[in-house]
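A.B. asks: From TrEMBL, here are the annotated features:
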TRANSMEM  12-32  transmembrane segment
TRANSMEM  72-92  transmembrane segment
TRANSMEM  98-122  transmembrane segment
TRANSMEM  143-164  transmembrane segment
TRANSMEM  170-190  transmembrane segment
TRANSMEM  216-240  transmembrane segment
TRANSMEM  252-270  transmembrane segment
TRANSMEM  282-300  transmembrane segment
TRANSMEM  306-326  transmembrane segment
TRANSMEM  347-366  transmembrane segment
TRANSMEM  372-392  transmembrane segment
Amino acid sequence: MDWPGFGGFFVARTVSWAGSALTLVALPVLLYERTGNAALTGLATALEALPYLLLGLPAGALADRWDRRRTLVVTALLSGLLLASVPVADAWGALTPAHVLVVAGGVATLFVFSDAATFGVLPTLVGRDRIAGATGRLNTANTIVTVAGPAVGGLSMAVLGPAWTLGLDAASFAVAAVLLHRLVLPPVTVPEGPRRMRAEIAEGLRFLWNHQAIRWLTLLGVGNSLTGGAVLGLVVVAAVRNLDLGESDGRIGLLYAAAGAGSLLAGMLLPPIRGRLTVGRITLAGLLAGWVAVSAWALSTGLVGGLVALAAWQAAHVLVNLNGIVLRQESTPDALQGRVNTTARMIAWGGQPLGAALGGVLAEVFDVRAALLIAGAGVATSALVGAGGRLWRLDVRTPRPEPVVRP
């Protein structure tokens, strides 16, 4: 890497993502294998998103105060310990579904704080004018790992079983912690005088709401995440009930790999698209394409068709997300990066736990196809609201940071 310090950070993130890609497949398979309950499988996905909804506001404010390197190291170590408890409990015959759910929720909670710290670390390592380039490199690594990781996860489950596959993720967090510990970052500059959590949170909220483009993309992201939660939470269930795959069939990993390929496609498409289309048109097109793709996924009966539909859905879904992320990184002042980004994610991802839980319940009450078609109403509603609000006119091609208004 040509930016001092960025190489170690890049490797640490990539290793951690590789482990998480294994867990993405293994955790829902482990739950469904032990319980056969679609609602519980959906609950695991809900628990992974719920902490961001509950803790996004204070986590962003705290991350702007704390030592960012220490925050990243501590959260990585604690995440590794939680995940390591799963294969240990399994070896002793003491693993329960409740244990798995607690681990899922705990790791997701720690992620909120590490994610908030990351938003502040990146500008420090590469400089504000290189954020887009650094973000592009990280996204490329993330999507490549997302493509390959689930397939490896499927193979790992076939050889080691889902519980011990989570142990590999624990090891990845340990490696990441060592690499992050070696980062050299300047101390966080904290304003002198008394600090009030409520005032700091309000500062981030005020900036987000007053910025028209960030406000629109954040609110429309709720419907996108609601549908996304249902789709992600029901991948294993849909594979078993719609595509006739076995619960531990290694080909389930191909579905997650297809979703990863869709993410990679979105990352490749966004830069040239942003040079040609307005921010609003990109989001509106992504929402409409997502509506069509999730309907196709719901109706798929064969593996090949399912792979194509799921990849198309993920490409549209991630395109909407990345468009909002890049806009926020380019437009938000450095002092507010943690608060604005965690707040925006908290709001935009608010629909994910609801979608995951609702999708699981609907799959039990009706069937998986009906659940996915109903869940598609989330992204459809966002598309209709965006069209009604003339979102295509929203043009922020080269946004600049707006002044920070202190309360």
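A Cβ is built for glycine as well, from the same backbone N, Cα and C atoms used for every other residue.
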A.B. asks: Under 8 angstroms for C-beta pairs, at least 3 of them, ignoring pairs fewer than 6 apart in sequence. Is the transmembrane segment (98-122) in contact with the transmembrane segment (282-300) by that rule?
C.D. replies: no
A.B. asks: If you count every Cβ pair below 8 Å, which range out of 12-32, 216-240, 306-326, 372-392 shares the most with the transmembrane segment (252-270)?
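C.D. replies: Looking at each of 12-32, 216-240, 306-326, 372-392 in turn, the most contacts to the transmembrane segment (252-270) are made by 306-326.
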A.B. asks: If you count every Cβ pair below 8 Å, which range out of 216-240, 306-326, 347-366 shares the most with the transmembrane segment (372-392)?
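C.D. replies: Against the transmembrane segment (372-392), the leading stretch is 216-240.
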